[in-house]
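> Before I ask anything, let me first share the structure, which is written out below as structure tokens.
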């Protein structure tokens, strides 16, 4: 049977851990009480014979006190009495304080225990009340948003029906609602053509049908929208109230769509936007925007329901924790404390309030009616998605393909050693044309394997990586899935290269077999973009979208997954260089005549090779610039400086490779050392949150996910050593008679390993920051915002 401590720790909401009952500290205080009681029993046994007369008199006096003749009985209230006090503010709510009666009055440890117990109860009540109020306000706002959406959809249907009945034709081409805006003639004249070309991501409309309700939390929505400067409002001086439709440009698709709608509205709807003789102004709300608004509201309902589920878990686990700890207290003290204190806990706010439960039922009803066509089973797939069961077949195939990979790798190494391919004086054609394939795939899938290890450690330490990366829990890759992909892919890669090397050893010409590695790469690319719902389609397409967002930085809003992936690319420059060479080798047709030096002799290729070395750092720097533009935090500019220093160091290395003289060597040493110090500081202090001199854990942070502190010190030392791998570019040290390309692969693998350990601590620090703010669910921006004339 699982102990309650492990059950409690395994089921609590990680981001709210500090708000739960401190069950572990309460158990420690109980051990103190138990220890004192044991000592007291021992002393009583020793003094039993010497104090018989005193004991007899004490028993006689206590018996007399129980008689009603000697006044009111204090013990009728039990061993404790819990007082309820009104809080000073509404946010604090009621406060509870326990008074120990004479049975407990002589125990200092018991007083400390009940003081801590009261503190935990007050903390739970206050947190529950705060979160409940937050969710209820969000729910009320969402209900009003839903009312607006229903009215707009009804207006769209009515308008299309009227047009269809009047013209007798299908009106699918006009998928917009014609709203009107009252405007003054002077304000319309003052409006320039440049103002009319402002981003169409937000429309301002007055609906033709009356509305009396006004949206609440408009200031909160304003504040959220003001954080993103890419939302530009259409400025129209209007009379009365208006409705703004906010569609945030969070990804490339919405940005391009906004530009498309802007051009279309300016061309097609130009006449409808002019003020008529009655001073009324026409404006259209596109059906696509309504669908996006509906999708935003749907996502907001899902997140609200998830938060209410967390609140229900918070209530149940804390109630169970109070019951368990009070049972232990009764067992240790042999007193009946549980019935008295449990009545107080049951009547306290966090256990008696039913606002969250009612709101959860309302959310279910609204979602079933408007987003699931009255199909409860379909609605629950969104509101309560079932976790994908881990199959034993996955584990079995991981073992099978891992064994095949190791066997093929051993065979490949033995054959390569026999043929002498990896020695300095080896087959130049093979090392220049085939070895880049092995190097590229090895670095790629080593990185992917380390990501699987990161997922395993994140899950073990309860780091909510799915929430941080905004991944769908039903579609995200588990660590077993990652291991299976790595084992299968590397088995295919080593198997194909082993076959290729076998054909080379048998004397086949390169003209006949050189296309085999290219076909392997083509198969992987086809699997990546395969439209069929096979081989983790959602993850493959999410990866493509993230790469697209990175490549077009800083045009698009940056989210956590985007800049996390961009950081990975900064450690994969050798892999990108190999990919560039392989693409050039096959696209130009050089593989047909084994002219492996053609790409090296081409100026455009050499210039592109230098650009590839800079691009990951450039993309990451542009992401920092975009985050500074959106959020306004100067720390993003400081982070941008880190990647600029890395670009300067890379440029110095490129120049040193061209002209190997002492001046460029000194410049490489200075620039690389400065960039390394900059990167180390940012790794330890900013990304990992370590090196805090005033922390309770020396030179670490106050909160640690790993119990053994020496792991953090070891990781910092290892990160320092691996950051110095650039010295190889200066020293040019070779391992015996091994080819320099093999040495380069080994050093590149060390950088990938460094990035793998960086990933764990980076997300650990991000998780602790979320936990410090008690952020457990996403805040989805809402599309509709009603404002007055002054706005």
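Including glycine, each Cβ sits where the backbone N, Cα and C put it.
Note that the structure is a prediction, hence the values are computed from the model and not measured.
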> Tell me which range among 434-457, 458-481, 554-577 TrEMBL lists as transmembrane segment.
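Going through 434-457, 458-481, 554-577 one by one, TrEMBL flags 434-457 as transmembrane segment.
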> According to TrEMBL, which stretch among 361-382, 515-536, 581-602, 603-624 corresponds to the feature transmembrane segment?
515-536
> Do any residues, 6 or more residues outside the transmembrane segment (434-457), come within under 8 Å Cβ-to-Cβ of it, and if so which ones?
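Same-chain contacts beyond the ends: 463, 465, 477-479, 482-483, 485-486, 489-490, 493, 497, 500, 517, 520-521, 568, 571-572, 574-575, 578-579, 581-582, 741, 744-745, 748-749, 752-753, 755-756, 759-760, 763.
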> Which of 482-503, 515-536, 662-681, 710-731 has the most Cβ pairs closer than 8 Å to the transmembrane segment (393-414)?
482-503
> When you scan the chain for residues with a C-beta under 8 Å from the transmembrane segment (482-503), skipping those not six or more beyond its ends, what do you find?
394, 397-398, 401-402, 404-405, 408-409, 411-412, 415-416, 419, 421, 434, 437-438, 441-442, 445, 448-449, 451-452, 455, 512-513, 516-517, 520, 524, 536
> Which whole number is the mean pLDDT over the domain 'SPX' (2-343)?
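Computed over the domain 'SPX' (2-343), the mean pLDDT is 68 on the 0 to 100 scale.
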